[in-house]
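Just below is one structure, and these are the notes that go with it.
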Amino acid sequence: SAGPRKLQGLFVCFADPDWASCTLGVFLCQSCSDIHRNISQISKVKSILLAPWSDVEVEFMLSNGNDAAKAKYEQKVPAFYYRPTPTDCLLLREQWIRARYERKEFVCVERQEPYSSGYREGFLWKRGRDKGQFLSRKFILSERDGALKYFNKHDAREPKALMKIHTLNASFQPEKIGQPHGLQITYLKNNSTRNIFVYHEDGKEMVDWFNAIRAARFHYLQVAFPGAYDTDLVPKLTRNYIKEGYMEKTGPKHTEGFKRRWFTLDDRRLMYFKDPLDAYARGEVFIGSKENSYTVLPGLTPSTQGYHWQYGITIVTPDRKFLFTCETEEEQRDWMAAFQGVVNRPMLPQEYAGNCHGSAQDLANTTCTLVE
């Protein structure tokens, strides 16, 4: 009919949207349309080509559109607020949509207080380091104290852990944690990376914590780097890992048998764990750039023994070679591409500081040994 043809002409510049919200005037991909159906009191979703469209609905879409909706609903998005991508977890994407259209957080600034006030207190389910069960723990985030704290007992005066804001990172890991709202928080403790895993039953609560951490780090970096532009600081607030997954590894002498371990590539640090939810890495290696004699090669040396998986990778550093194997050729290609991307990237001045456990911004040019 004429209505859908008009709409087709309007959405030609979008990435194959098959759906639209005829009440908000925006075009949607399949994934976003599923989220919009959950806020049916605000957003009525219709197929662009298959559903009947009235002339009034078509004219409404023609007079609005995604750019107009962005101008209306995203007037005051804080610089630190995380804008999800299509590859982010469902929770981030859903809460972004609800924040825009349902709660109108970016029109009414006072509704941003849960994550922008500089202080946040509440209870999260935290995974125990030893037994692995999730227990309710009190958390306090304070910009004034420059730290995120948690307490083992609700009435405890002293925190069980104090995580300095300048070393914090947070990344949603629902599949790894086994909770749809699962968040992995990392920080430095005694010069080692410490992982804690938390969640909350309320999705908004968990995303508010995530953005509160980003806000605290943003304000810290603004003070630490007063001349920096917001666009330079925002990418440093939190980071997702470049790649995670299982590989086999051997020891520094290459004579030990290969062992299956969980690996995390975090910027220039390759860390490995016996279990994906371990609190501490068993070891790590810094991966520099090709200008500093770092190389990634497919396969292993012919004399290598003791491995079960057939698809090898060799990382050559100025000090030694690190040997890994992957279960499939596809995994080998993916890891090779991830490693090569790091090696091809020139090192920053702060990466020459000489400490492989630097802050979130200040990783250093030191090769660390992978040890059991």
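Glycine is no exception: its Cβ is also placed from the backbone N, Cα and C atoms.
If you look up TrEMBL, you'll see 13-114 marked as domain 'Arf-GAP'.
Mean predicted confidence for the domain 'PH' (117-218): the pLDDT average there is 95. Residues or ranges marked as domain 'PH' by TrEMBL: 117-218 (among others).
What TrEMBL records for 240-344 (among others) is domain 'PH'.
Helix first, then strand, then coil: DSSP counts for the domain 'PH' (240-344) stand at 19 helix, 41 strand, 45 coil.
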